[in-house]
Every structure is written in structure tokens, then in C-alpha cells.
């Protein structure tokens, strides 16, 4: 075997680094410099909160040493290229501690200035109240809603596990990094953290390390008010390696524990006993959690620590020490670049696949391979067929469902299950854990290299709404697949029948909602989702069979690419325009036939995606919905909430503004008036009687 020189250098570098990390006594800093940097982070955070007259000083005072240790001794990263792909990831799930994170970023050489810290929580600053992905260099995820970051961390660790096993080859560990997440008491009270932790243990995500800022305090008081379970035993039962550090401020012990965790074959949960508002008169009380302490207490605390009263004081010694990480990070990335260059030369096809995935260059070659559907079928079934064609062209597309894979048709039949022992499987079984599924999908998207999708019934989108909203806020390319989209699902009744969900989802900024009308429109819904790289897409599908529209009679399904299109027109200027979505397009087409027979010129517009339609040029929008045609109707088996924007205040909306009933879907459509005859009659009654 011929070993390249650069390989030898890389091997030696990492072996030496490994020795240093497993022999802490060779790698230790003085306690003096540790304390100096930690206190700098603490008091920068306090000063940020005081200047903003808003924020959370308690966590930075109590937990800055944890963040310091990770960035100083544990993690590999490049402050000047925080997007280096093989970096370790750190997630502050307890996003209210953001001041601490920004202060650490400043100290360790990320692209933040002291002026940025002074602009904490101010309009258009780089230091918002809670971390926002894409806004602040170094922030890995958008956090604030407690529990979300924990689930994101699980998703990141899953992405690393899949990608490393898919792409790495012997001697070329091009994907090899850890995910660290700092969680609060509140994070662990949230149900989503339990859901996500259960999956992490099941999948044996050994490169996931969660650190609990165990300070015993919530806003309402001591955690004993509401929380008396044994959290450590809970995590142990979930399959985690568990440690508790009663001496939570012993840096060497914490470092030693993290290094042990890195050798485990399971995810690790480290409980660190801390004190909120450490060192202040308000220590261990809720009063120090979420508001400025005030000048008097700040000065008293600084004096106690022997700290200058000057605001935003940064000792030169501390800054010089932490800024060494800039050169260290640069060297780490350069070494990796050398390794990757060799990998690229030896495995060009794999490298090209990885690079396309990282750049979100998802193949669209599958479009022409999807069959033209002739038979009538549920759109969920068509979606499953489309997915299984797509999967051959997008090797890092990973999907799953919340225990509904056969119902929502999310299974990639040739590609196996993602499990602890089969990490290159592409079907994730989330169990009945919708919220965790949403946060994990987001985590995969944050990580990069994965095209994630997840499915459940539309009604259960409610269980994952915080994750959907965060995906939209963070501009993540995540695809949510929701079937059983109306009363058309039938006998399961109103507990399962969506009514308010369509407009509820459409109300989320930056979320696109696509509801195809038949099987042949489904592939274009997926195309929209793949092309949309700066935000999430929800694809809405039927349980019930819908007719496959005769495209020799009606417009091509390609019109979906513009969000809305004229699927059926009339001669000359229309008297009335009927707008419909999904399965109700069939109803609108039937109503058109009745109205035309009565001499009423009718246009039918298929509004598959309102958000995409709004992106079109004004000229196109006026062509589809001529301003001079004011007799407009919207037909959708859900709430009428947003349709008046399109039909006008004098328009007609045929909708469902009450909960459904348990009965066959076809019976319910007739009962609630979603029939061609009823729509036609309503139009005639309003304008032509």
C-alpha cells in the first residue's frame, strides 16, 4: 500500500492532538486565565443586558464556564469560517442565554465586535434577543422556544451519522464531528426534549453530548414546584450515558467527563450543578433570570469578583489568550482541506455527490422519469410514487413519518431504515413523536448535506407547529408532507378532519403550502419544494381517491409551477372566476360545466400555492385573476379565513367554518355543499338570479 506524505502528516497531527486531549495535564491552562476569560464573558453579558434594559443575566453568570470550556478546550472550529463543514456544532438550546454566547463569540474571534455586543437586542443588530441562524456568525440554530434546540441537536447528530457512514472511506474521515447542546431545566420539562432524547438513545447517537445547566430555578421559583422526577434516571432509561457533576464549576472535571463522553457508544447527558446569577446577591433566585439586575447590584457583584466597574471591560490578557483560536481554527481547517483534496482525487464521484448536497444542488432529472398517471388515485399515493423515483437521483434525501409511513406514503422502498446499526438507511421511523420529528428535520437542514422530509396527517401538524414556524424563521429547506387533508378522510371524524389547518399554515411567514389537485400535479409540488432553498414547504395531500384530470381537455399540470393557473377557461371575458385548491378543483370544474350550460362564462383557477402565486409578476397575476372580473368564488374544504383577499369583500367563499362529522368522505362533501351542483347554485343565487 502506498501512503501519501500528506496522509502521514494528517495522521501524525491528529494522533498528537488525540494524545493532548487524553492527557489533560499536558493541555491545561492556568486557573487564573480560565477565571479571567470566564469573568470577562460573564460581565460582558451583564453589561449587555444592562445597556439593553432587557435580557437574561442569570444564565450567563451561572453557565459561562461551560461555554468557555467547550470553545477553549473541547471543540474544533474556525472562528473566521464558522461554516466550515467539519466543525463541531454547539447549540444553545436555552436561547435566553444569548448574551453569553455572543460574548464568547467575540472573545474567541468570530465576526462580532464590541459595538455589536453593545447593540444587544437593538433593531437590526447582529445580536438579537435570542440566537437567530444566518444572522450572527457562529450561531448554529435559531433557539428560544425551549426544547427546540435539543431536538435540532438530535437532527444534527443523525445527519453526521448518516453522512459519515455514507461518504467516509478508510483513511479519509472527511465527516467526523460532534454536536454539543446546552440545555436548561425548561428545555428538559418540554415534551419535545423527551421525544427527541428517546430517539437519540434508540439510534445510539454517540457523537451527541448534552450538557444540562442544572440550576434548579425557573421563572416561577425552585424547580421543586413542578418537577420532582429523577431526570438522570430518565435519560439512563432512554439509553444515554449519564453523568452528574455536583461540583459544577470544576473545569478539569467537566473536561474529563466530556472526553469520556466522546469515547462512549451512546449519546451522553452531563448534569452540571450550577447556580443562576452566580456570585450576585440574587444568586439562586428567579429574580435574576429575565431582567437587568440594576446598577447597584451590578457594581456590588463586580466588586465581589474584583472586576473593574467600567462597562464592557475586556482585559487584554484574556483577549490575547482566546484569540489564539483564530490561528488554531485556521490550521484545523487547512489540515482538513488537505485531507479532503486527497479524498476528492481518490473518490471523485463521492466528492461530487457530497459537494452538490452541501450546495443544495438537488437533481431534477427525476422529473422526466415520473410516469404520467392515468388512473384515479389519492394524491398521497402519487406522492409515494414520485418520492421513490426522486430517491434514485438524490442520495442524501432522508425521509420518514410519525408512525404513518404507509398512510402518508413516505417510504423509500429500496433504501432501508435509519437505525443504530444501519446508519445509511434513508427511512426514519419517528414513532408517534410529531414535534420531535419537526425539530429533527430542522436539525438535519441546519447541519447541511441532507434534504429532509417528514410526514403525518394534516391535523397533526398542530403537534409540530413550533418546529414549522422555526423552519420558516430560519429559512430552512425542510419539506413537510401532510396527508388526510380535509373532511374527505371520512369516518375518523372531526378529531382527525382538518378545518382550520390550511389557512393556519398559510399564515406562517415564509412557509409555502402546496395543495395539488390530482396525481399529475404532485410531481410539480415536489419540484417546487426542491427548488425552494430558502424556506420550508408543506405539501398537502388527500386520503381519498381523486379523479385524474383529463389534460387533453384542461390545462397542463405544469401550471402549478406558478402557484396558480387557469386550468379551465371560457371564450372571451369570463363572467365569474372560481378559485379552488386540491380535491375541490374537481368540484369547481364540474360547477363550470353547469354554469356554462346556463350561459354563464366561467373560468376556473387552480390556486395550488398562494405563496408562489404571489411571487409571480403582477402582469401574470392580473392575467389569471383579471381585476375587472369582480364576481369571484373560492372553493376549499376548510376555513374561509384568507380567501377574501382573492374574491373581494363581495365575493363568495364556499368553505367549512365548523368541525366535521364522522361519515364517509363522499357523504360529507355532499352534506357540506362541496358538489358541482351546490357551487353552481350558489353562484347563480348570488349574481345571476
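Placement of Cβ uses the backbone N, Cα and C atoms for every residue, glycine included.
Record features (Swiss-Prot):
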type	residues	note
ACT_SITE	434	active site, proton donor
BINDING	56, 289, 380, 407, 484, 492, 543	substrate binding site
BINDING	96, 144, 145, 146, 186, 215, 289, 460	thiamine diphosphate binding site
BINDING	185, 215, 217	Mg(2+) binding site
SITE	56	site 'Important for catalytic activity'
SITE	289	site 'Important for catalytic activity'
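The number of other Cβ atoms within 10 Å of the Cβ belonging to residue 217 (Mg(2+) binding site), over all protein chains shown, comes to 25. Rounded to a whole number, the C-alpha distance linking residue 185 (Mg(2+) binding site) with residue 215 (thiamine diphosphate binding site) is 7 angstrom. Under a cutoff of 8 A between CB atoms, and with a sequence separation of 6+ in the same chain, the neighbours of residue 215 (thiamine diphosphate binding site) are 58, 59, 62, 63, 184, 185, 273, 274, 275, 276, 284. For residue 543 (substrate binding site), the number of other Cβ atoms no farther than 10 Å from its own Cβ, over all displayed protein chains, is 23. Scoring each of the binding-site residues (289, 484) by how many neighbouring Cβ atoms lie within 10 Å, the top position goes to 484.
A straight line from the CA of residue 434 (active site, proton donor) to the CA of residue 380 (substrate binding site) spans 18 Å. A separation of roughly 14 Å, to the nearest angstrom, links the Cα atoms of residue 492 (substrate binding site) and residue 460 (thiamine diphosphate binding site). The Mg(2+) site, placed at the center of the C-beta atoms of 185, 215, 217, has further neighbours from the same chain whose C-beta lies within 8 angstroms: 184, 213, 214, 216, 218, 223, 274, 276. Neighbour count (other Cβ atoms within 10 Å of the Cβ, all protein chains): 19 for residue 186 (thiamine diphosphate binding site).
In this entry, substrate is bound by 56, 289, 380, 407, 484, 492, 543, whose most widely separated C-alpha atoms sit 48 angstrom apart. Rounded to a whole number, the distance between the Cα atoms of residue 460 (thiamine diphosphate binding site) and residue 484 (substrate binding site) is 10 Å.
Taking a C-beta cut-off of under 8 Å and a sequence gap of six or more, residue 144 (thiamine diphosphate binding site) has these contacts in its own chain: 95, 96, 129, 130, 131. Reported as a whole number, the C-alpha separation between residue 407 (substrate binding site) and residue 460 (thiamine diphosphate binding site) equals 13 Å. Sequence-distant neighbours of residue 380 (substrate binding site) (same chain, six or more apart, CB under 8 Å from its CB) are 407, 408, 409, 483, 484, 541, 542, 543, listed in sequence order. Considering only the binding-site residues 145, 407, the Cβ with the fewest other Cβ atoms within 10 Å is that of 407.
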